[in-house]
Amino acid sequence: MDQSGSNTNMDIEKESTTFDYSKRSQWLRAAVLGANDGLVSTASLMMGVGAVKHDVKAMILSGFAGMVAGACSMAIGEFVSVYSQYDIEVAQMERDSVEIEKEKLPSPMQAAAASALAFSAGAIVPLLAAAFVKEYKMRIISVVVAVTVALMVFGWLGAALGKAPAVRSSARVLFGGWLAMAVTFGLTKLIGLYGL
């Protein structure tokens with residue numbers, strides 16, 4: 001009897017120490033996507049403007065406009081998406097004649113705020129990197145270096161929180177960010193040179 005009691009205690013301990021990381025996936029995906037999107041889209045926009053205009057003010061203003069527009073867009077998109085999910089879950093509970101537990105339902109406002117905040121957190125990195133560097137080439141280099149470090153951190157953070165392989169995650173995020181910046185810079189430079 002003592003042995004079965006100790007086995008039960010061990011099972012309870014095992015259950016309490018086991019954590020289902022898949023439950024984190026929804027908010028983790030939204031946070032990483034928002035921050036990564038803010039980082040890459042703002043940096044790419046700044047690189048594109050920097051390809052044709054060497055003026056620091058133009059680069060910073062374009063990055064700031066991109067940050068504000070992107071944060072608003074992400075917030076609205078997340079609000080609409082989560083509100084649709086909310087409506088579906090409420091309708092299903094009503095069909096099943098189940099008492100609606102509001103605290104278990106997703107919050108569209110929280111999701112919108114979190115998405116806008118995550119986007120802004122990512123977007124601020126290239127803005128700060130460019131803001132204090134007057135010389136054109138050094139400004140471009142500082143944006144690329146700051147974005148590279150941030151992409152690696154975001155990739156590692158996403159992997160660590162989701163208990164996934166960190167190197168692969170960081171490499172994937174880094175390659176995607178570099179590709180976006182290179183394509184934007186290259187195409188804008190080409191259009192600027194040939195006046196297309």
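Note that Cβ sites are derived from N, Cα and C of the backbone, with glycine treated the same way.
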Identical membrane-side domain name, ALA30 and SER169, from Swiss-Prot: yes
For the topological domain 'Cytoplasmic' (161-172), the number of residues DSSP places in helix, strand and coil: 9 helix, 0 strand, 3 coil
Which of 32-52, 60-80, 140-160, 173-193 contacts the transmembrane segment (113-133) most, counting Cβ pairs under 8 Å: 32-52
Per Cβ pairs under 8 Å, the stretch of 60-80, 140-160, 173-193 packing most closely against the transmembrane segment (32-52): 173-193
Mean of pLDDT values spanning the topological domain 'Cytoplasmic' (161-172): 83
For the topological domain 'Vacuolar' (53-59), sequence-distant contacts whose Cβ falls under 8 Å of one of its Cβ atoms, 6 or more beyond its ends: 46, 130-131, 133-134, 136, 139
Residues from the same chain, set at least six apart from the ends of the topological domain 'Cytoplasmic' (81-112), whose C-beta lies under 8 A from its own: 30, 75
